[in-house]
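Visitor: Checked TrEMBL, it gives:
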{"type": "BINDING", "residues": "His78, His80, His248, Asp322", "note": "Fe(3+) binding site"}
{"type": "BINDING", "residues": "His78, His80, His248, Asp322", "note": "Zn(2+) binding site"}
{"type": "BINDING", "residues": "Arg87, Tyr150, His183, Gln251, Thr327", "note": "4-imidazolone-5-propanoate binding site"}
{"type": "BINDING", "residues": "Tyr150, Asn324, Gly326", "note": "N-formimidoyl-L-glutamate binding site"}
{"type": "DOMAIN", "residues": "204-410", "note": "domain 'Amidohydrolase-related'"}
Amino acid sequence: MSILITNIKQLLQTRTRGIYKISGSEMKTLPYLENAYLLIEHDTIVEYGSMKNIGGIIAEKTIDATGKIVLPAWCDSHTHLVYAGHREQEFVDRINGLTYEDIANKGGGILNSAEILAQTSEDDLYEQSVKRLHEVMKMGTGAIEIKSGYGLTLESELKILRVIKRLKHDFNILVRPTFLAAHAVPKKYKNNKTAYVDELINTTIPEIAKAQLAKYIDVYCEDGYFSLEDTDRILEAGKAHNLVPKLHVNQFNAFGGVALGVKHNARSVDHLEVMRPEDVNVLQGSDTMPVALPACSFFLGLPYTPARTIIDSGLPLALASDYNPGTTPSGNMNFVVSTACIKMKMTPEEAINAATINGAYAMGAHKMFGSITRGKKANVIITEDIPNYSYLPYAFGNNSINTVIINGIIVE
Ligand code: NIG
Ligand code: FE
């Protein structure tokens with residue numbers, strides 16, 4: 001099937017090959033063409049240009065985008081969307097004064113989700129996840145990372161990773177699977193975290209690697225969860241099995257997790273709500289992408305990642321949703337982009353770069369996703385009639401999307 005999109009008011013993120021991430025002041029630039037066309041054949045962008053040069057191009061389907069903007073579909077590099085149940089009671093408890101920490105200490109939080117997941121059949125977990133994946137695709141997400149981590153046992157982690165594999169197979173979207181090896185210490189190991197980490201290293205990681213269900217390995221490196229030493233050991237074990245690190249670090253406390261990620265050549269370090277100068281410095285010159293999750297800060301009412309400090313120091317920054325039942329029960333990347341502009345003082349150009357090309361880099365998908373480039377996958381959002389691209393984050397909470405095309409197919 002070929003699709004020709006004509007009369008595009010602004011075609012955003014038109015880039016030639018070889019640009020893999022956008023850093024520092026470059027993030028302020030977002031190349032675009034006015035009055036443009038885009039030609040898709042099968043799942044690939046084959047041509048684009050000014051309407052003046054469209055010549056005699058014809059396609060099986062033509063979409064007239066008069067008054068509309070076309071941009072690359074969002075690349076969401078951090079989600080936990082395979083989970084069971086919901087945690088709105090904890091949400092209400094927080095409104096009534098408990099903190100996220102209080103709830104976790106009472107056995108709520110991640111342990112609560114793990115208990116629900118253990119009681120949920122694999123088919124049921126799949127069905128719940130299908131709904132969420134379809135929902136985010138409709139909202140413009142065209143490539144996604146999904147983590148395990150609500151299992152906390154080998155059996156349950158395998159269950160989640162098999163569901164991720166099934167989603168990958170059944171849906172026409174790039175899915176990058178991550179084994180979130182260490183998310184919380186299970187009740188059974190409450191007073192013996194070292195034994196749990198030993199089990200992860202000696203049994204769980206080798207078994208998960210053997211099943212070939214994950215590309216990345218993740219650890220929640222945080223006070224009360226996993227220390228620098230635990231994280232270092234787990235990442236070493238992952239490396240022995242070719243699992244590449246992506247980390248949860250500096251969400252509530254900064255104590256060297258970013259430097260540890262850089263030491264292990266992590267693909268990304270995510271959260272970063274609390275950043276010391278040394279955490280920014282250590283990222284300079286590294287291949288590790290810093291990732292902000294503003295919808296999580298919004299939902300918890302906590303500080304936002306200091307995007308200005310990070311970008312103004314010359315670093316790149318990516319934006320992702322963190323879709324999960326505890327801290328971000330939403331995978332809406334449009335909201336993430338708006339919130340980054342409103343709360344983190346990112347410009348619309350910076351936020352769109354962060355949620356497309358830099359997001360693609362943060363999940364190792366930049367060669368085929370994240371920009372309007374000949375030969376890349378045909379992943380595009382066609383907006384409603386809107387005046388210009390700044391209107392997208394400006395009209396927060398509104399649905400400005402008309403059509404989403406993923407791998408050359410219109411999402412129904
Ligand atoms: O990325 N921080 C750790 N994990 C998730 C949320 C965990 C939960 O409360 O379910 C996050 O925010
Ligand atoms: Fe997360």
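Glycine is treated like the rest: Cβ placed from N, Cα and C.
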Visitor: Would you kindly give the Cα-Cα distance separating Asn324 (N-formimidoyl-L-glutamate binding site) and His183 (4-imidazolone-5-propanoate binding site), rounded to the nearest Å?
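Guide: With distance taken Cα to Cα, Asn324 (N-formimidoyl-L-glutamate binding site) is 13 Å from His183 (4-imidazolone-5-propanoate binding site).
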Visitor: Please identify, among the binding-site residues Arg87, Tyr150, Asn324, Gly326, Thr327, the one with the smallest Cα-Cα distance to His80 (Fe(3+) binding site).
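Guide: Spatially nearest to His80 (Fe(3+) binding site) by Cα position is Asn324.
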Visitor: Could you tell me which three-state DSSP class Gln251 (4-imidazolone-5-propanoate binding site) falls into?
Guide: coil
Visitor: If the criterion is a C-beta within less than 6 angstroms of any ligand 2 atom, which of the binding-site residues Tyr150, His183, Asp322, Thr327 pass it? List them in sequence order.
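Guide: By the Cβ criterion, which requires under 6 Å to ligand 2, the hits are Asp322.
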Visitor: Identify which of the binding-site residues His78, Arg87 has its Cβ surrounded by the largest number of other Cβ atoms within 10 Å, counting every protein chain shown.
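Guide: Counting Cβ neighbours within 10 Å, the top one is His78.
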Visitor: Taking Cα atoms as reference points, which of the binding-site residues His78, His248, Asp322, Asn324, Gly326 is nearest to Arg87 (4-imidazolone-5-propanoate binding site)?
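Guide: In terms of Cα distance, Arg87 (4-imidazolone-5-propanoate binding site) lies closest to Gly326.
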Visitor: Relative to the mean position of the Cβ atoms of His78, His80, His248, Asp322, the recorded Zn(2+) site, which additional same-chain residues have Cβ within 8 Å?
Guide: Thr79, Lys147, Asp218, Asp270, His271, Leu293, Cys296, Ala320, Tyr323, Asn324, Thr328
Visitor: So which of His78, His248, Asn324, Gly326, Thr327, listed as binding-site residues, have a Cβ under 6 Å from an atom of ligand 1?
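Guide: Cβ under 6 Å from ligand 1: His248, Asn324, Gly326, Thr327.
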Visitor: Asn324 (N-formimidoyl-L-glutamate binding site): which of the binding-site residues Tyr150, His248, Gln251 is the nearest Cα neighbour?
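Guide: With Cα distances computed to Asn324 (N-formimidoyl-L-glutamate binding site), the winner among Tyr150, His248, Gln251 is Tyr150.
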Visitor: Could you give the Cα-Cα distance between Gln251 (4-imidazolone-5-propanoate binding site) and His78 (Fe(3+) binding site), in whole Å?
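Guide: His78 (Fe(3+) binding site) has its Cα 14 Å from the Cα of Gln251 (4-imidazolone-5-propanoate binding site).
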Visitor: On a C-alpha basis, identify the one among His78, Asp322, Gly326 that is nearest to Tyr150 (4-imidazolone-5-propanoate binding site); the candidates are the binding-site residues.
Guide: Gly326
Visitor: So among the binding-site residues Gln251, Thr327, who's got the most Cβ atoms within 10 Å?
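Guide: Of the binding-site residues Gln251, Thr327, the most buried by Cβ count within 10 Å is Gln251.
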Visitor: What Cα-Cα separation, expressed in whole Å, is found between His248 (Fe(3+) binding site) and Thr327 (4-imidazolone-5-propanoate binding site)?
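Guide: A Cα-Cα distance of 13 Å.
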Visitor: So what's the average pLDDT for the domain 'Amidohydrolase-related' (204-410)?
Guide: 98
Visitor: Using the centroid of the Cβ atoms of Tyr150, Asn324, Gly326 as reference, list every other same-chain residue with Cβ within 8 Å of it (recorded N-formimidoyl-L-glutamate site), in sequence order.
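Guide: Other same-chain residues with Cβ inside the cutoff are His80, Tyr83, Arg87, Ile110, Ser113, Gly149, Pro325, Thr327.
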